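Trainee: In case it's useful when we look at the structure, here is the feature table from TrEMBL:
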- 27-48: transmembrane segment (TRANSMEM)
- 60-78: transmembrane segment (TRANSMEM)
- 98-120: transmembrane segment (TRANSMEM)
- 132-149: transmembrane segment (TRANSMEM)
- 155-174: transmembrane segment (TRANSMEM)
- 181-198: transmembrane segment (TRANSMEM)
- 218-240: transmembrane segment (TRANSMEM)
Amino acid sequence: MGFLALSGYFLNFPTLREFTDKDAPQWYMIIAGFAAFLGCLNLLQLHIQKVVKKQENWQYSIFTLLGFLVMIVFGFIYKNVDAPWGAHLKDDGSAFYWMYNFVYLPLGSTMFALLAFFVASASYRAFRIRNFEATLLLISGVLLMLGRVPIGAIIPWWVVLFMYISFIFAIIASKIKDKRIFFISFISANIFSFVLGAQLKWNVSVPLFLSIPSIQEWIMAVPATAGSRAIMIGIALGIAAQSFRIITGRERSILGD
C-alpha cells in the first residue's frame, strides 16, 4: 500500500492518481487503526515482560501499565458523565478529559521544558568554534535568532558589514603571520567599506545582504530548506528499508527480542 501510494506521485497514470487521492487515505486510516491497536498490545507485552522478569527500571513499567489501564477504563468502559459514548472524551466533567488535560498535557509540557536544557547543552557543544563548519553553524544560528526578533530589524547596515569583514579576516587570520599587518588591514577594510557604503547611500536604501531579516529569510528559504529536504529523503529511505526488514522478519527488536 505504501509503495502504491508513493508511486502515484511519480507515475502519470490517472487510475493510480485517483487511488492515491481518494482510496489511499481511507486505507491509511484503516491500517493506522489496526497499527495503533497492535502498538497498544505490543506496549502491554513489553512492559508486562519487564515487570515479570524484573528487568532494569521495571518499576517505571508499573506506572506505565497503571496509566494505560486507567485511561482504557475511563475511555471505553466507564464514562462517569451523562454524555454519549465518544462525546464524553471531550466533556469537561469526564474523568478522561480531566486526566488528559491535567495529567497528560502537564507531563508533556514538563518533558518539553526538560528538552530545552538538552537543546541548550547540545547547542553549546555544537557552537564551539573548532572548525569551519562549526563557525558557519554559529554564525547562522546568531543570524537566525537576530532575524526573528524586533532588534534584528534596527541593526544598522555598517554593523552587518563589520560582521562580514570580521568573518573574512577570521578565515584568513592563520595566513597572516604579522599581527601589525593583520590589524592595519582589518581597520583599513572596515574604513573603506564604511566610506563606500556612505557614498552608495546604503543608510537610505539598505541592500538585502546587509539586512538581518532578509539574511534570515534567505537562510531559511535556501540552505535550511535544502538541508531539511535531504533529511526527509533520508528518513523516507530509512522508513522503506525498516519496513522491508519488518515485513521479511529480519527486524525483531519491535517484539522485544
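Even glycines carry a Cβ here, placed using N, Cα and C.
Note: TrEMBL annotation is automatic and uncurated.
Note that the structure is a prediction, hence the values are computed from the model and not measured.
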Trainee: Residues sitting near the transmembrane segment (132-149): Cβ under 8 Å, six or more positions beyond its termini, same chain?
Mentor: 123, 126, 155, 163, 167, 170-171, 212-213, 215-217, 219-220, 223
Trainee: Can you see whether the transmembrane segment (181-198) and the transmembrane segment (155-174) are touching - at least 3 CB pairs under 8 angstroms, only pairs 6 or more apart in sequence?
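Mentor: Touching, yes - the transmembrane segment (181-198) and the transmembrane segment (155-174) meet the threshold of 3 or more Cβ pairs under 8 Å.
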